[in-house]
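Novice: Mind looking over this structure? Questions follow.
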Amino acid sequence: MTVHNDTVEQAAAQPELEQPYRELGLKDDEYAHIREILGRRPTDAELTMYSVMWSEHCSYKSSKTHLRYFGETMTEEMGSKILAGIGENAGVVDIGDGNAVTFRVESHNHPSYVEPHQGAATGVGGIVRDIMAMGARPIAVMDQLRFGPADAPDTKRVLPGVVGGISHYGNCLGLPNIGGETVFDESYSGNPLVNALCVGTLKVDDLKLAFASGTGNKVMLFGSRTGLDGIGGVSVLASDTFEDGAERKLPAVQVGDPFAEKVLIECCLELYKSGIVVGIQDLGGAGLACATSELAAAGDGGMEINLDNVPLRAKDMTAAEILASESQERMCAVVTPENVEKFKEICAHWDVTCAEIGEVTTGKHLIIRHQGEVVVDAPAGTIADEAPVYDRPYARPEWQDALQEFKGVEKQDLTVALKKLVASPALCSRDFITEQYDRYVRGNTVQSHHANAGVLRIDEETGRGIAVSADASGRYTKLDPNMGTRLALAEAYRNVAVTGARPVAITNCLNYGSPENPDVMWQFRESVHGLADGAVELGIPVSGGNVSFYNQTGEEPILPTPVVGVLGVIDDVHKSIGNELGLVEEPEVLVLLGETKDEFGGSIWQQVSAREQGNESENGLNGLPPQVDLANEQRLADFFVGNEGVTAAHDLSEGGLAVTAFEMAKRSGVGLNLDLSKVHEDAFVAAFSESASRVLVATTADRVDMLLHRAEECGVPAVVIGQTTDNGELELGGESIAVSELREAWAATLPDLFGHAVGANSVVE
């Protein structure tokens, strides 16, 4: 059957044909600019390409003006180890000895609300392909998840599906899930956040970039066939113009096949090893429209594509549909003519569908044909790189001052408060979630479950490895976006440092409400400045990132949620520092590093006590978040690198010292006796304040003096606050509670809520 296409010839002959550009997310002035670029109206296929590539997701048109600050602040020394940075599929860091590590975090928020399982699964698949496109082997994934209240009916629909999608896709790929975070808050009702992180390794010489160069070189599409799934994933594709009157539902959520991706990974690695790949791009958001325009725009010529050669799995697809499809597990590569057959042989070996769909040309135009007719003829750079950049209004919200007025917190008996905290949805066990993930597949996972950071061995001979952590606090960030983002950076940095790894690079995923809201844009700008300035203070670069806007339900935006990931390198993973206390014959001494202040703004105790008092809508959020001096984080990192006097270490964050002590003891059941008077004059502050730059460490009695001396040398405040005991009790300020009692309360909450979740993973109506 011949499909009706709107051709370039028809566009010139029918200049005033009405087009559904508003339905596709384009504004009047944007559409007018497209007509100006082309000198005519766009064809349906061209309109599709511009609409998806000029979408917020692909073009960063509302955030780009602020994201430039990362480049403006990065020093030459910081950038010296970056092999690929902001603007590439993923950041790549040179870690020495000819080796490199690449990592990135990406959002898949809206699809995961519509269809939780597939939305989350394809989020994992997409970030893995970003890593593959850099020439790397993916070695691990992590996730940052945000949902509405744990007891809300919609959370019971969304959470099991999201977790199932992540676990199914990651487990089938054979990639260990080495850590993550799950947070519940009213602001995420109707708009969950699903941020997936992937890390990969490669040789420096094997780095691949997304560009098409060399006139006459061939464009190869390989992987799964192209279908109707995912159309409209990054913009709105809802016009009958593109369907020629046919009545069919075009699902905006992609459908993933992890086994196809697993084979695609191995196929890519063999292609890289063969040395025949000139440039490569994965097909994710905006599909072939993105891959072809970006490859051509980044190269030294133009490109011609024949859509008749694209392997399809649906009949009668129009050119617009083929270009906008976000069918998963696809890659696009550029190879020299003499290597086409070798390319096809390798794909055939892995049973991967492959087709030659075009070639690199002279000039700067992207020309696309379908059924013998030209349906796209446009400068590639205008599609990929020249979306309008908006300097949207931003202003400090009128309500910010009132929000920052601290109203105090109710103080209760220490053990009573501690049990409430560990049993709360905010801090209770996530085993219900994490036990669905394979954490040790491939055999290189050193730390993951309940650890400060995921630790992986990357060299079996030397024991060299990496540590990765990702953190965020929407509560802190709403109170003070700049400081809240710095706190997320500080915690991720500290989590990596306490393993004994040296932090070397940063990635991020910035999740916010509508950029058309000046309040939101102020939050976003403050966060960008906090992260960029913080990176300079720590002396490590931001290697890449992602922005997700329009996260809101109605007019109510989510908590501003900057997810910050930090990568560290450790010389010998066998010497990495764990975070759990064991049962040993001789008591271990507990030392608190860092200074404790009366800081409860945005704290978990503030949230839990507010809910207890019936202030659920407010979540008790008020005051200023803890203040962080990133120089203190650097001193802590110096303390831990190469420190063999520490037997266990755990950073202090949500819930403060008491929660950290429980987390260190819960697995073994060992008792702890803590003298809170050494921490702060107020026992409640000592137990539950969330002051930054603090770590609880354990050491043997004969190494205490050495440890304290090293702390002094590094400029880190340190004080002995207690020791382990054999009575199984956690003793705090004259009160005590059994560790086993706390563990039972901690373990019961989520299974009780989700053990029989009705309607889990059902598609939203």
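Heads up, the Cβ atoms here are built off N, Cα and C, so glycines get one too.
Annotation source Swiss-Prot lists active site at His57, citing sequence analysis. Per Swiss-Prot, active site, proton acceptor is recorded for His108. For Tyr60, Arg104, Asn508, Gly545, the entry in Swiss-Prot reads ATP binding site. The Mg(2+) 1 binding site annotation in Swiss-Prot covers Glu106, Asn546. Among the features that Swiss-Prot reports, substrate binding site is placed at Ser107, His108, Asn109, His110, Arg129, Gln254, Glu326, Ser327, Gln328, Ser548, with the record citing sequence analysis.
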Novice: Find, for the listed binding-site residues Glu106, Glu326, the residue with the lowest Cβ contact count at a 10 Å cut-off, counting only other Cβ atoms.
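Specialist: Fewest other Cβ atoms within 10 Å, among the binding-site residues Glu106, Glu326, is found for Glu106.
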Novice: Return the member of Tyr60, Arg129, Glu326, Gly545 nearest to Glu106 (Mg(2+) 1 binding site) in space, with distance defined Cα to Cα and candidates limited to these binding-site residues.
Specialist: Gly545
Novice: These are the binding-site residues: Ser107, Asn109, Gln328, Asn546. Which one scores highest on other Cβ atoms within 10 Å?
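Specialist: Of the binding-site residues Ser107, Asn109, Gln328, Asn546, the most buried by Cβ count within 10 Å is Gln328.
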Novice: Out of His57, His108, Asn508, Gly545, Asn546, point to the one nearest Gln328 (substrate binding site) in space (Cα versus Cα); all of them are recorded positions in the record.
Specialist: His108
Novice: Around Tyr60 (ATP binding site), which residues of its chain at least 6 apart sit with Cβ under 8 Å of its Cβ?
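Specialist: The answer is Leu67, Val547.
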Novice: Using a 10 Å cut-off, grab the number of neighbouring Cβ atoms around the Cβ of Gly545 (ATP binding site), all chains included.
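Specialist: Other Cβ atoms within 10 Å of Gly545 (ATP binding site): 26.
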Novice: Around the ATP site formed by Tyr60, Arg104, Asn508, Gly545, list the extra residues of the same chain whose Cβ is within 8 Å of the site's Cβ centroid.
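Specialist: Near the ATP site, beyond Tyr60, Arg104, Asn508, Gly545, sit Ile86, Val105, Thr507, Cys509, Leu510, Gly544, Asn546, Val547.
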Novice: Ranked by the number of other Cβ atoms within 10 Å of their own Cβ, which of the recorded positions His57, His108, Arg129 ranks first?
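Specialist: Most Cβ neighbours within 10 Å: His108.
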Novice: Whole-number Å distance between the CA of Gly545 (ATP binding site) and the CA of Glu326 (substrate binding site)?
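Specialist: About 21 Å separates the two Cα atoms.
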Novice: Report, as a single number, how many Cβ atoms besides its own are within 10 Å of the Cβ of Arg104 (ATP binding site).
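Specialist: Other Cβ atoms found within 10 Å: 26.
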Novice: In DSSP terms, helix, strand or coil for Asn508 (ATP binding site)?
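Specialist: DSSP call for Asn508 (ATP binding site): strand.
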Novice: Given the recorded positions His57, Arg104, Ser107, Asn109, Asn508, which lie close to Asn546 (Mg(2+) 1 binding site), meaning Cα to Cα within 10 A?
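Specialist: Taking His57, Arg104, Ser107, Asn109, Asn508 one by one, the ones whose Cα falls within 10 Å of Asn546 (Mg(2+) 1 binding site) are His57, Arg104, Ser107, Asn508.
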Novice: Based on DSSP, name the secondary structure state of the residue listed as 'active site': helix, strand or coil.
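Specialist: Note: the residue listed as 'active site' is helical by DSSP.
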Novice: Starting from Arg104 (ATP binding site), work out which of the recorded positions listed here (His57, Arg129, Glu326) have their Cα within 10 Å, and give them in sequence order.
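Specialist: So far as Cα distances go, none of the recorded positions lies within 10 Å of Arg104 (ATP binding site).
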